[in-house]
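Take a look at the structure set out below.
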Amino acid sequence: MKKTFKLILVLMLSLTLVFGLTAPIQAASDTAVSNVVNYSTDVIYQIVTDRFVDGNTSNNPTGDLYDPTHTSLKKYFGGDWQGIINKINDGYLTGMGVTAIWISQPVENIYAVLPDSTFGGSTSYHGYWARDFKRTNPYFGSFTDFQNLINTAHAHNIKVIIDFAPNHTSPASETDPTYAENGRLYDNGTLLGGYTNDTNGYFHHYGGTDFSSYEDGIYRNLFDLADLNQQNSTIDSYLKSAIKVWLDMGIDGIRLDAVKHMPFGWQKNFMDSILSYRPVFTFGEWFLGTNEIDVNNTYFANESGMSLLDFRFSQKVRQVFRDNTDTMYGLDSMIQSTASDYNFINDMVTFIDNHDMDRFYNGGSTRPVEQALAFTLTSRGVPAIYYGTEQYMTGNGDPYNRAMMTSFNTSTTAYNVIKKLAPLRKSNPAIAYGTTQQRWINNDVYIYERKFGNNVALVAINRNLSTSYNITGLYTALPAGTYTDVLGGLLNGNSISVASDGSVTPFTLSAGEVAVWQYVSSSNSPLIGHVGPTMTKAGQTITIDGRGFGTTSGQVLFGSTAGTIVSWDDTEVKVKVPSVTPGKYNISLKTSSGATSNTYNNINILTGNQICVRFVVNNASTVYGENVYLTGNVAELGNWDTSKAIGPMFNQVVYQYPTWYYDVSVPAGTTIQFKFIKKNGNTITWEGGSNHTYTVPSSSTGTVIVNWQQ
């Protein structure tokens, strides 16, 4: 009897190691559709609503707005929310492993057709030419249709993210009020104003940006789009109330358009208003070109309270897998540098193409698409897949990259790569939360390991479509055993054998091959993988996700101060933020048995509700290399720490040198003290005289203007 039991045990252990799992893993609460502040366990599918499926022909536009032949690429094609509902219900999206959809901005857009000789007219099919942020685009559907989309998605464990573009309304001309709809803005049907004769100052009127500076891109128009003045109290309150309309509908996330082109301070206070009302995961669009690194981009990701689309990731993946203009060393360097630069790397939204870029597939072999998808789905961050990528759609540039969805074939290799790898984000926390370590590399081969506690995923990619490589000297954190390819050989992967010292038996990685091997284990010690939101206030609730927390409540420490536990289970803890000195905190967790977790760093606890105030200083003359910054006695102004001072301030568009200005998020209803400083490298020159004082308004926006004190 004992021998029989031992034999069964050995067989069970052998099967366990072959499949790479120690035990069946049940769905964890951190992966639930209700967890709207954590998308690390999700796969997003980006949909240009008008170009996906026409599910209700009765709401299609008429006349010159609409092209039923789907050839005039800047006209409406008829895609709508009912079409998305249909593809959820028929299993196309769920079958692919999609757990979140990002849809076009749902608000009412202009009805004008702009002249366009190439495409026979240009319309607002894309959703970015808003006229009323509190009404729906009728060509996408009604509020009832939108609610049906939300309900259907949630019933299928899919989160819904909306695009939202508070930077602008629609095309307008300063000199021709008849052009398009003159950028007019409506509040639930009531006209607020248009771009010409803008006596209330709802818009910026500084001309179009030439993208020459960060400041220029913020306060001047993007192309011919009427640029909203968020510092105007009416616009500020309007945009904050508008997003609440959609939050009340039950959306689960927000993608903010053109965050590079709006004031950082206003966006931070806008984000605070969202987090105070109904926190949801929010990420912004800040375009970066190939090999571009922008300190303002990094600062925004770390300090704004929202995440960003990871253009550094996207551009490098395209260089390596699509264009062959860089090697795997460049890919690995990007993974390392972004992990160093971005505080919340697992919140960065990764992608290989989108509606503003050439589609990834450009003909020829489809294997580069499949390799890039596999890399994105197994890398850190939140993967977003552009509609049609799984069908190998092509198209260089707008609008060719926004054609009508061509097929819903569930047999393509790309579809099945996604289908097999997407579920790993929920079943293996190494994929959702793990660190990344390069294990073997040459110009064409990248073998990397994701690890979270005892959970491991090892991924091997050979981008060379004609050359195989012998892999020797490979080590891994996978326990001893034989591991099958999670992809089941879909991209020619095979099994590997791991010895007790972590060495992998040498093997051949064939041309174009991709393989994924994994090990999933329950955790007996606490490990934090995600905290959200990353910007909060005393009394608000944040969510801590990870493994090994146990089922009995312990403690969550903000530095050394414990918060009040709201709920506690083995993978997710909700805790109220304690009343502590505002600033950045490292969070740790202590289980009921006394085990202490890792720390999760840089959670920003604000002084209070935020208001955007424009700080202006006159007569601040500088020498070459000097810039003016702002500091003060609250955490939002750096608490007099010059290394945390706000700036460099601007001096070209709204005001001109020697006047400097900056829009800053500061605590509402608070009397603050502040001063300006000049920085030139490590040299700091303080403003003279007494501290300036200012009482921040309790709501709306503010402006304070002072003279530089000698």
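Every residue, even glycine, has its Cβ placed from backbone N, Cα and C.
On a predicted model such as this, the values are computed, not experimentally measured, just so you know.
For 1-27, the entry in Swiss-Prot reads signal peptide.
Cβ neighbours of Arg402 (substrate binding site) (same chain, under 8 Å, six or more residues apart in sequence): Val48, Arg51, Leu73, His126, His355, Gly395. According to Swiss-Prot, the feature substrate binding site maps to Tyr128, Trp129, His168, Asn221, Leu222, Phe223, Asp224, Arg255, Lys260, His261, His355, Asp398, Arg402.
For Asn167, Ile218, Asp227, His261, the entry in Swiss-Prot reads Ca(2+) 2 binding site. For His261 (Ca(2+) 2 binding site), the number of other Cβ atoms no farther than 10 Å from its own Cβ, over all displayed protein chains, is 23. According to DSSP, His261 (Ca(2+) 2 binding site) sits within a helical segment.
Under the heading active site, nucleophile, Swiss-Prot lists Asp257, citing experimental evidence as support. Neighbour count (other Cβ atoms within 10 Å of the Cβ, all protein chains): 19 for Asp257 (active site, nucleophile).
According to Swiss-Prot, the feature active site, proton donor maps to Glu285. Long-range Cβ neighbours of Glu285 (active site, proton donor) (same chain, at least 6 residues apart, Cβ-Cβ under 8 Å): Arg255, Leu256, Asp257, Ala258, Val259, Lys260, Leu308, Leu309.
Annotated domain 'IPT/TIG' per Swiss-Prot: 526-603, in sequence order.
Distance from the CA of Tyr128 (substrate binding site) to the CA of Asp227 (Ca(2+) 2 binding site) is 12 Å. Asp224 (substrate binding site) is 12 Å away from Asn167 (Ca(2+) 2 binding site) when you measure Cα to Cα. A straight line from the CA of Leu222 (substrate binding site) to the CA of His261 (Ca(2+) 2 binding site) spans 8 Å. Across the residues of the domain 'IPT/TIG' (526-603), the predicted structure has a mean pLDDT of 98. In the three-state DSSP reading, His355 (substrate binding site) counts as coil. Counting other C-beta atoms within 10 Å of each candidate's C-beta, the binding-site residues His168, Lys260, His355 are led by His168. According to DSSP, Arg402 (substrate binding site) sits within a helical segment. Taking the C-alpha atom of Ile218 (Ca(2+) 2 binding site) as reference, the shortest distance to any of the binding-site residues Tyr128, His168, Asp224 belongs to His168.
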